[in-house]
Amino acid sequence: MSLPQLPRALRQFDAFAKPLKDFRVQTVPGAIMTIICFMIISCLFIAEFIDFVSPSTKQEIFVDISRDTKMTINFDIAFPFVPCHVLSVDSMDVSGDQQTSIKKEITKMPISPSGDSIPSSFVDSDEATPNGTLAVKKGPDYCGSCYGAAADATTCCNSCDSVLEAYRLKGWVVPNVDSFEQCREERATGARENIGKQGCRLVGHMGVNKVAGSFHIAPGKSYGQGHIHVHDLQAVAGAQFNLSHHINKLTFGAAYPGHQNPLDGSKVIVELESPMVSYFLKLVPTLYLDSNKNMVTTHQYSATWQTKLTPLSGAQDGVPGVFFSYEISPLLVKLTEERKSFLHFLTNTCAIIGGVFTVASLLDAFIYRSLCLFEKMN
């Protein structure tokens, strides 16, 4: 076969034979159909492009065989009607580990009942220097009496809490706290009178064992004695507490894109006085892997809650405060972020264009033949 004959031979393989221009018929319905096709293709192309640039998440469930022994609890909780010096944060778990009056990595910020930040008008005696309220007033050489409960002659009790702690260590019964000069002074400076008139926002995190356990935010001086956890309310005896609260954030581990926690942003108004508010959480270990293979280990959770009375409000048992009890699932959820390849996007785009024009050509042929038949009948 000679070179001049090659193009003629190749024409036999043309799958896109073109009719002569004189035999082409252009109609108004065909033009309308073409415009509609371009509109449909544009909409489908935009949707396909959005799907291409938006990652999808693949979810898998496994038995959790990880050996993590610790997890981090992050929280941001506001109590509009309970001052900071009254509240303590404690945690405990089924292994017997207790953390009482946690202060490390936790910030207490005084707020007004409306939630606005206010200057601190009272320094928590546990966080203050050994001088205490009376020492600041009477001078640095002041050494408050422990009323016979001092461990040795050099021990000073410069705050109401330090007196109560000395009595506790001795195992003595605490009389009326107003009999202690330190407690009377703190009442006079507003340490106890601020209850109900000032609030507190607690922001921070704490590390706990990765086993079933609980943590709580409650009024009173907390301490552990063996496996018993006690809250001493002598320093605020006779006071009632409005434990309405706003949970701005509560997470068990780091956040990942699209992570939603059921208690974040929840606002709980408690009508009962000095209640025990209990949250019951079911934690699911979660492993998130993004498209760059960066890994985030965290927990998802579900939550229910209930409120009950305490001895301060007429019941026989319970402790006023907000309690979070959690259990950990033995299953692990793995979330993998996946992005579609460009070839997948290109294939779908071609399918959209070809499919729309194919269906449109069938409809156009049907309409054209129907119009021709109608003209012949007339």
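Quick reminder: no glycine exception, Cβ is built from N, Cα and C everywhere.
Note that the structure is a prediction, hence the values are computed from the model and not measured.
Listed in TrEMBL:
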- 10-99: domain 'Endoplasmic reticulum vesicle transporter N-terminal' (DOMAIN)
- 28-50: transmembrane segment (TRANSMEM)
- 146-364: domain 'Endoplasmic reticulum vesicle transporter C-terminal' (DOMAIN)
- 342-368: transmembrane segment (TRANSMEM)
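Distant neighbours of the transmembrane segment (28-50): 345, 348-349, 352-353, 356-357, 360, 363-364, 367-368, 371; these residues of the same chain sit at least 6 beyond its ends, with a Cβ under 8 Å from one of its Cβ atoms. Under DSSP, the residues of the domain 'Endoplasmic reticulum vesicle transporter N-terminal' (10-99) split into helix, strand and coil as follows: 36 helix, 27 strand, 27 coil.
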